Structures are given as C-alpha cells and as structure tokens.
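Remarks on the structure that follows.
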C-alpha cells in the first residue's frame, strides 16, 4: 500500500509539474513574447517555477517507492525457495529499474530546467531552455509503470508462498 501511495503521488506531482512549467510563445523559432521568458536581445532570463519543487517532490516519491519496493521484494527472495516465478519477478524488477532510470532522468532534467535561469548563465551553454510539452506527463506515466512492475513482482512473489501455506493446511486437515 505504501509503495502504491508513493507511486500515485509521484504521478500526480508529475502531472501538476506539467501544467506549472515555464512557458513561452514560440513561432518559427523566434520568441514573440513569453509568459515567463524574458529576453534582452542577447541573453535570457527565466524565473524559478513551481514545476521545480513539484518535480523534486515527484523525484523523492518515485525514488522512495522504488527503493522500498525492491527491499521488500529482495528480502523475500532470500527467505523463500527459488521457483519458476523468480525469473518472472527478476524480469519485472529489471523492467522497473529501466523505467525508473528513464523517469528519474526526465523528472530531473525537467525540474532543473524550471529552476531560475539567470541572464548570461541560462541552463546550459548560457542559453535558456524550456521543458517540452509532455515531458513531465511521460515521466508520470513511467512512474506508474515502474510501480506496476514492482507491485506485479511482489504479487508473483507472494502468491506461491500463499499457495504452499494453503496446501499445507488442507493436507493436515485431511489426515
């Protein structure tokens, strides 16, 4: 339940960041006027945006959920016998780590672009950068798929042990 709540929080924080990110009007690669962007002819300025804090919060939530989920599942690997589902669990865990890595990269870059970009310094190479539409939404989707993979691995890991316990109970009652 804890993992699910943190994953859900990361998803909604990413969606909120998508709607709060810095924006500018762009036509034919020329900035006409910006809601947030200020241009002095040779350098630009972007104030810090709420998407920065939302992105950091989403990053913390998805990281905590990933780490706690993997600790719970990996602890279960050492306590139980190896079964057929172990391979499937490992595949789900690897899938969750790949999704986690991509989600963390997108959230980190998106959040850092929404931090203050000062005149003459910018975000990278003295230029201001804006997060493209859909970056935070995609990272939210990846956060959800990461949590789904973790919960799936957990469900497949718990299910065989429950079946063994139920089988043992039925066997002792019949004797």
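Each Cβ is built from the backbone N, Cα and C atoms, and glycine gets one as well.
As the structure is a computational prediction, the values presented were derived from the model and not from experiment.
Residues or ranges marked as signal peptide in Swiss-Prot (evidence: sequence analysis): 1-24. For 25-52, 108-135, the entry in Swiss-Prot reads topological domain 'Cytoplasmic', with the evidence type a curator's inference. Per Swiss-Prot, the feature topological domain 'Extracellular' maps to 74-86, 157-175; the stated evidence is a curator's inference. Swiss-Prot lists 53-73, 87-107, 136-156 with the feature transmembrane segment.
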Folded-back contacts onto the transmembrane segment (53-73), same chain, C-beta under 8 angstroms, at least six residues removed: 2-3, 6-7, 9-10, 13-14, 16-17, 20, 89, 93, 96-97, 100, 103-104, 107-108, 110-111, 114, 136, 139-140, 143, 146-147, 150-151, 153-154, 157
Within the predicted model, mean pLDDT of the topological domain 'Cytoplasmic' (25-52): 63
